[in-house]
Amino acid sequence: MEIFIADHAGFCFGVERAVSLVEDTSKQFTGVYTLGPIIHNPQIVSKFAENGIGVCYNPEEVNEDNTVVVRSHGVTKETYATLASRKVNVVDATCPFVKKAQNSAKKLGNEGAVVVVYGEKNHPEVKSIVSFIDSRYVIVSDVGEASVLPDENCYALVAQTTQNSESFDKIAEILKTKCDKLIIKNTICNATSLRQASAIDLAKKVDIMVVIGGRNSGNTTRLYEICKNICANTHHIETKEELKKEIFDGCRKVGITAGASTPGYLVEEVIEFLKEVSMSSINNNDGDNMQMEDFEAMLEESFQQPEKNSIVQGTVAQINENDVLVNIGFKTEGVVPSAEFMKDGEITIKVGDEVDVLFLGIAGGGGYVKLSRKAIEKEADWIEVEKALEEETPVEIKVTSVVDKGFTGKCGEIECFIPENHIDFKNSTMEPQEYVGNIYEVKVLKANKKQRSFLASRKLQMIQSIEKEKKEFFSQIEEGQILKGSVKTIKHYGAFMNFGAVDGFLRKNNIAWGVVKHPNQYIEEGDELEVKILNIDFEEEKLEVGLKQMQEDPWDSAYDKYPEGGTVAGTVVARKNKGFVMEIEQGIDGFIPLEEISWLKNARIAIEPKDAVEGKIIGIDDEKKKLIVSLKSIQENPWVTLKTKHPEGSAIKGTIKSITDFGIFVDFGEFLDGLIRKKDISWTDEPENLDELYKEGDEIEAKVLKIDAEKERISLGVKQLETNPWREIGKLLPNGKVVEVKVLAVSKEGLEVELPRDLIGFIPDNELDVEKVDPTDKFAVGDTIKAVVFRNDAREKKILLSIRRYMQDSEKREVKEYLKKLAQSDDSTFSLGNILKGKLDVE
């Protein structure tokens, strides 16, 4: 039977630290208590009790004569307050990883997030974590509980340090669907993850798995559950006494792991028991076999202490907030202050890295292994500087401050000076203070071994790097090759792209297959693009690239997609001397000749860039890669149907388009305009100022007088809507007809008066009265008078009227009336004077 031990099993750093603190404290003080079991292991707790170390469960039970050790799981914020109020001596053995979880939860809560704590609700560690949260929080013990959480604006996820990493990741995925923002702080201890991972690997290889640890230990329980899911024959024990020999019957391979709170001697007792069951070989996890005696010898060898102040090599085992644990092959891991591995506020190492450290000794008599990294690093940094000077290779520095005539910097722990004219190129726009805090590669110019400092130049290193990169770049490229770069600068004629140490030019017409009016239609500064190399000038170190060449030329399929005679639609993108360019699709353009826009020869151009248009393909210009498109071909020719729709003599309605000195242009649709000449406005007088009578946009009715399709002219008339009043003037206003008229104008020569049918008559001054009168004294515009027509001349278009003749005719009629009445009357006193007097009285 072979026995395999998990790579990571037993005491973790936090537990070992807590146990050591209790042991050291009991040597210094009396009346020592742990606040609850120091770790979840009954055997360790019993051992401490035998040595007089008690367990109290309530901080109210102790007084200022006692010393209380806070357990590795941590306690609540309220418990700390109670202990402080009772003035007891407190030794805090809280695991650093638990402290980290407490601090993370508190900080995330203060930032406004709803804190989700993944862990066991009643576990002391979980209770301690949530006590530090001053805002909303929720505890979830599994994926199911996480899936029913409500939606929130922001969740933050932390974990009990001994939880399952796989479940933690699943819960994180669920929370991502339930909030706009999720902050993840994985506070699971590295040792827990490593312990679980090594247990999983081992459980896959063995016939039976033994998990050693307290039944009240959460991490041991999870180890058991994980192993049980893989190896059904898994057993959870606290001590070897629980093992029965018969459970190993038929088992060839046995796996052993232990929880974080399980001391090494319990593991050794189980191994001793298995040795009695069968003289077995013990294998480490990589499969190399060794005898039990070899295993014990290996354990004994691991306890050998290195010499003080000697340099030893170790492996980083754990990283926490204040300490880094390094495995140097001793029985316990050594501690290095985490600050010694810090650079720019960040840890520069990771778990698994091999590091050289200085062994400083054992602290507190059997306590911590003290290690240092800083002294070794400083010497290593200086060696790097000297090597860089000798081999002319760069070193990396961080600019720390601006000083007189330059800058100071640090290469690790070594100081350097960079003259101000060596920090950058002359055309740099950066202010001196902007360089501080940045990390740069520099060339070592001179080293001072005594002062452990050096003189450096960033500019010379930049020049050297650029030249080197250029040579490497041009040695590795060829035309047709695909490059990935960023858009550096955009001009109206193209864009400059950066490919590291080399810039390339992207011409405007190589950006897209379609019409490119300006590069920023398609690209922006900072865009990351894949382009094809079109041309390389190795001598001048210039490069021309193309973006559209990354796609197939759409014109290759134009004949199939757009056959001659077909109809296409697109957008007008440009105007040329002889027509317009339209984009049908990206990479396929059409050209619209001016004569193909409208059936009307002198029509106003009715399209402009950005207009959507549709037309018929009447030709394909393969050389220029353009379709020839006619807009008018999909429209009805208005001249063909015009005489049918609007025959000469018919009346039409339209909108006044424009007014000129010679007439009015009328738009009556169908791309057609007609002209009403001034002479066709009125049968009477030709108006002088048409814009006083009409306004652009007004609706007007007119008669079609003539259609000249060849010259594309349409003559219209307004006066023709009515019959010519001069042709029937004899009937309308015969000589001798008495009419009542309105005075339109008054002058010394006479009166202009308004007649029916918009005709104008004239009453000469000698026809105004029986006696000569001044018209301006007796008449005014707007007066209504009666007059008699005494001349109508249709040829000369004149109508003369007379008030005088009307009055004379009236007197004649009155005399006739008198004579008639006299003949009929017996009154001898009735005379002509009576009649005239009566008329005057009336007037």
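We count from 1, first residue shown onward.
Cβ coordinates come from backbone N, Cα and C, glycine included.
TrEMBL annotations: computationally assigned, not manually curated.
The active site, proton donor annotation in TrEMBL covers E125. E125 (active site, proton donor) falls within a helix when secondary structure is assigned with DSSP. The Cβ of E125 (active site, proton donor) lies under 8 Å from the Cβ of H73, G74, V98, A101, G119, Q160, T161, T162, G218, each on the same chain and at least six residues away in sequence.
What TrEMBL records for C12, C95, C189 is [4Fe-4S] cluster binding site. Of all the Cβ atoms in the protein chains shown, 27 others lie within 10 Å of the Cβ of C189 ([4Fe-4S] cluster binding site). Secondary structure from DSSP puts C189 ([4Fe-4S] cluster binding site) in coil.
Around H40 (dimethylallyl diphosphate binding site), the same-chain residues at least 6 positions away in sequence with a Cβ under 8 Å from its Cβ are H73, G213, G214, N216, S217, G218, T220, G259, S261. For H40, H73, H123, S217, N219, S261, the entry in TrEMBL reads dimethylallyl diphosphate binding site.
Residues or ranges marked as isopentenyl diphosphate binding site in TrEMBL: H40, H73, H123, S217, N219, S261. In the three-state DSSP reading, H40 (dimethylallyl diphosphate binding site) counts as coil.
The (2E)-4-hydroxy-3-methylbut-2-enyl diphosphate binding site feature in TrEMBL is assigned to H40, H73, H123, T161, S217, N219, S261. For H73 (dimethylallyl diphosphate binding site), the Cβ neighbour count at a 10 Å cut-off comes to 30, with all displayed protein chains included.
Helix, strand and coil counts from DSSP across the domain 'S1 motif' (309-374) read 5 helix, 36 strand, 25 coil. Taken from TrEMBL, the feature domain 'S1 motif' covers 309-374 (among others).
Taken from TrEMBL, the feature domain 'S1 motif' applies to 480-548 (among others).
Positions annotated as domain 'S1 motif' by TrEMBL: 565-632 (among others).
Under the heading domain 'S1 motif', TrEMBL lists 649-719 (among others). DSSP states for the domain 'S1 motif' (649-719), grouped as helix (H, G, I), strand (E, B) and coil, give 8 helix, 34 strand, 29 coil.
Note on the domain 'S1 motif' (736-804): mean pLDDT across this stretch is 89. What TrEMBL records for 736-804 (among others) is domain 'S1 motif'.
The (2E)-4-hydroxy-3-methylbut-2-enyl diphosphate site, placed at the center of the C-beta atoms of H40, H73, H123, T161, S217, N219, S261, has further neighbours from the same chain whose C-beta lies within 8 angstroms: I39, S72, E125, T162, G218, T220, G259, A260. The Cβ of H123 (dimethylallyl diphosphate binding site) has 19 other Cβ atoms within 10 Å, all protein chains considered.
H123 (dimethylallyl diphosphate binding site) sits 15 Å from C95 ([4Fe-4S] cluster binding site), taking the CA atoms of both as reference points.
The separation of C189 ([4Fe-4S] cluster binding site) from N219 (dimethylallyl diphosphate binding site), Cα to Cα, is 11 Å. For S261 (dimethylallyl diphosphate binding site), the number of other Cβ atoms no farther than 10 Å from its own Cβ, over all displayed protein chains, is 32. The DSSP breakdown of the domain 'S1 motif' (736-804), given as helix, strand and coil counts, is 12 helix, 35 strand, 22 coil.
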